[in-house]
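Take a look at the structure set out below.
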Amino acid sequence: MSMNSAQIRDAFLNYFAERGHEKVPSASMIPGNDPTLLFTNAGMVPFKDVFLGTDKRRYDKATSAQRCLRAGGKHNDLENVGYTARHHTFFEMMGNFSFGDYFKKQAIQYAWDFLTKELKLPAEKLWVTVFTEDDEAYDIWVKDIGVPEDRISRIGEKDNFWSMGDTGPCGPCSEVFYDHGEEVWGGPPGTPEEDGDRYIEIWNLVFMQYNRQADGTLEPLPDPSIDTGMGLERISAIMQNVHSNYEIDLFQALIKAAAEIIGTNDLDNKSLRVIADHIRSCSFLITDGVMPSNEGRGYVLRRIIRRAVRHGHLLGAKDTFFFRLVDELARQMGEAYPELEQKKQIIKDALEREEQQFARTLERGLAILSDEIGELKGNVIPGDVVFKLYDTYGFPVDLTADIAREQELTIDEQGFEQAMSEQRQRAQQASQFGMDYNQQLKSDNKTAFTGYDDVVGQAKVVELFKDGKPVEQLQAGENGIVVLSETPFYAESGGQIGDKGVLVANGPAFEVTDTQYIGKAIAHHGVAKAAVKLSDSVKAEIDSERRENIKRNHSATHLLHAALRNLLGEHVTQKGSLVEADKMRFDFSHFEPVTTEQLAQLEREVNAQVRANLPLQTQLMAIDEAKEAGAMALFGEKYDEQVRVVRMGDFSMELCGGTHVKATGDIGLFRITSEGGIASGVRRIEVVTGEAAVRYTQQQQSVLQQIAGELKTEPSSVAEKVQQLQHKFRELERKNEQLQQKLAQQAGGGLIAQAVDINGVKAIIAELDQADPKSLRGLVDDLKNQMGSGIVLLGTANGDKVSLIAGVTTDLTSKVKAGDIVNQAANVVGGKGGGRPDMAQAGGSLPEQLNEALATATTWLQQQL
C-alpha cells in the first residue's frame, strides 16, 4: 500500500496516541536542555533530562515526530547531502518513548504490529538485529513475534549498544531492516556486504536498562526506559517503492519546484537534490530563531544557504531563487508544522537577503578559485587560497571542498586551520582581553539569595579568597572575595550587573565593588575596610539607590522585547543584554535597521505601558507549564525544572531571575539613545530610563535650543532651516565646480603652447596652482583631444595633499602607459596611484617635492620614448 509522507507521519503518531502515548509536538532544533549540542540531532534529545532522571513529565510514555539537523560538529552530513540516497541535513525522526512504563517486549510488539499491520509491510521482507548478549530481545523476536532465526543477526557493541556518554544511562539496541530483494546488491547486517542498498535500516529500538559507572561496570536501572527512532524519509521511500529518499513525494515536489524556478529540465541533477534538502533545514532553522551570521548556529545556517546558492549557480540560476522555494515547502509541510506557514515571510526575507549578499562575491570568488586550480601543480588547493576565499569572499570551507571534490581535488585543511589560527591570534592580541578571573576559583557553597524582598540581611562569612586562593582572614586594605551564608546582593547574571554595597560588622568591614557567581556561591568582590574572618557575622547592605536604577532598566528590557516583537514580528528574539545602573542595551535578531519612525513607535509603546502602571507579578512554575502559558524563554539557555516567570500585565511574560520594579510606572520615563547593527542579523538598542532619561531629554532640548539660536529660528523650524542651508550649500558647490572647470579650461589654453617634444612625442608636463583635483581629469581629456597625439601629466598641491593625473592618447599606449607615468611622479611625493593605460591618477603627501616629481617623470619619459 503506497502512502505519502504526511499520511505515514499521521499514522505513526495516531497509532501510539491510541495506545496511551502523549502526542508531543516537535521541539525546536535548538536544544534547550543541552548546551553540549549544537542542534537537536535525534528524537530523544528533548526527553534527555527525563531519561537522566533530572526531569519528570506528567506522562510516562510519549510519541513525536521530531525535526532534526545534522550539519555541524560530530554529526555532520553536509558534504554527502545530494550525492547519496539517504544523507540529509534536515530529517524527521518519528519515535515512541517509555519512561519506566513498558519495556522490551511491548516495544518490540508495537514496532512489529505497526510495520506489518498499519503499514502492511510483508513480514518476510523484514530483518532484525539484536545486541550479541541480549538473549531476552532475541527470544522475544523469535518466540513471541515469530521472526525466523535465519532473519535475525546478533551484532556487537559498536552498532547495537547505545550510550548517552561515557557514563550514565545506556542499553542494547534492536534494529529493524527492510529487504529490497535479490535484485539489489548488498548483504544482511553484520556481513561484509552490509553497506549495500539491499537491506535498509528503518527502525532502531533502544532498551535503556543500565547505568554505566565510571569504572565501566553496568548497573541495572530501577525503571528501564524505551527510546525508538524511525526516519520518516526512509520509511516513506519503502512505502513508495523507491530506492532513494529524494524520490519520495515530499522531495519530488521540492525538486520540481526548484527546477521550474531555475529553468532546468534535468530532474535527476544532484544539485536539485542539494537545493531540495537545504531549503528544509534553512527554513526550519529560521523558524526556530536562527539567523545567518558568522558564528555558531548562525554560521551553520549561512554555510547551508551558500551551498544551496552555489548549486543553483551550477544549474544556471541568474537571479535569486532559493527563497522562492519556501512557498512550496509550506504547502508540503505547513499542515504538520503550522509555524512554517506563520513565519513564511520572515523565512523568505532572511533567505533572500543572504542570497543577495553572497551573490555579490560568488562570481568573483569562483573566478579566483578557477584561476588557482588552473595554475595548480598537484591535486591539493593550498590552505591560504581556501582561507582567502573564506575570509574575503565568504566561501565556507566545505563549499570550497565541494568544488574541489567535483574536480577530483582536495583542500589543504591543515594550511587553512593554520591561517585561521594566525587570524585568531591577531584578533586576541588586538582585543587585550584576559581570562575571566572567576573561572579560576572554585567553591562548594551554595548561597541563598534574599534580594528579591530585602536590601539588608544578616549573614555569616563562610568563605574568603585572596589572590584567587582560600584564606581564613582578610586584613584591612586587602582586596578579596567574601562568600556569605545568604545575601541580598544580586550576582551578575542574565545580563544584569552585580550589586555594590557594604558588609558591616562593628562599622564598615568590607566594601563590595562587584558581585559575581563562583559556581553556585555568590561572591562579593571588593576591599576590606577592617579585618574580616571566617564565621564573622555581618550585615549585608546593598546600594539601594543603584539597585533601584538597575531594576528600572531591567524591567524596561522586558517591555522593549515585547514591543519589538509586536512591531517587527515574532522572529525577534533576545540575543543578549546588559543592564546597568545608568543605562541598558538590548541585542536582538532582526535583519535590517530599525527606522526612525519605528524607534519612535517603540518609545511611544513602552512609555504607554509605563503610564499604565502595570503591576509586576512573579511566579515559580514548572518549565513546561511556563512555556505553555506563553512565557518567552531564550534559545540555548538551560533552565531548571522550576523557573521564575515575570509578568507585566498582559503585555510581557518572560522567564527571568533578575530584580524588577513593583509596577511599570516605577520606570518613570523610557528613552532610546541609539540603534545599530553589531553582527549580521543582530541589532542593538541602547536605552536610558527614569532620572537618566529626564537628563537625556533635557540635554537634547538644550542642544536643540542652541542650534536654533545659531540658525536664528525656532526649535520647531530647525529641520526646515537645515534643509534650506543644505540646498544653498549644494548650489554653491555646483557653481564652484563650474568656476573651477572654466579656470582649468583657461589654464589649458596656455598649456598647449607649453607642449614640449620628447623624442618626437608631444608632451605637456605642468604644475597648476591649487587647482581642483576633480577638474584636472576633464582638463587632461581636453588637452589630449587638442593635441591629437601626445602625453599629459598635471600636478597640483592643495595644503599638504598632492594630486597627479596622467593621460596618454590611444596611439601611444603601446609605448608608454599612464599608470607607469603617474607612479614615477607619485613615488617622489610619497604616494602611489593607478588606472587605465590611457588615464591614471595618484595622490601624495609631500607638496614641496612636486616640482622634482614632475622632473623625474620627464626624465623617465625621455628614457622610454
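Glycine is no exception: its Cβ is also placed from the backbone N, Cα and C atoms.
Over in Swiss-Prot, the protein carries these features:
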type	residues	note
BINDING	HIS554, HIS558, CYS656, HIS660	Zn(2+) binding site
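In sequence order, VAL646, MET648, SER652, GLU654, CYS656, HIS660 constitute the residues six or more apart from HIS558 (Zn(2+) binding site) in its chain with CB-CB distances below 8 Å.
Same-chain residues with CB within 8 A of the center of the HIS554, HIS558, CYS656, HIS660 CB atoms, the Zn(2+) site residues themselves not counted, are LYS551, SER555, THR557, LEU616, VAL646, GLU654, GLY658, THR659. For HIS554 (Zn(2+) binding site), the same-chain residues 6+ apart in sequence whose C-beta sits under 8 angstroms from its C-beta are GLY495, GLN496, VAL579, MET584, GLY658, THR659, HIS660. The Cβ neighbour count for CYS656 (Zn(2+) binding site), using a 10 Å radius and every protein chain shown, is 24. The local packing around HIS660 (Zn(2+) binding site), expressed as other Cβ atoms within 10 Å of its Cβ over all shown chains, amounts to 24.
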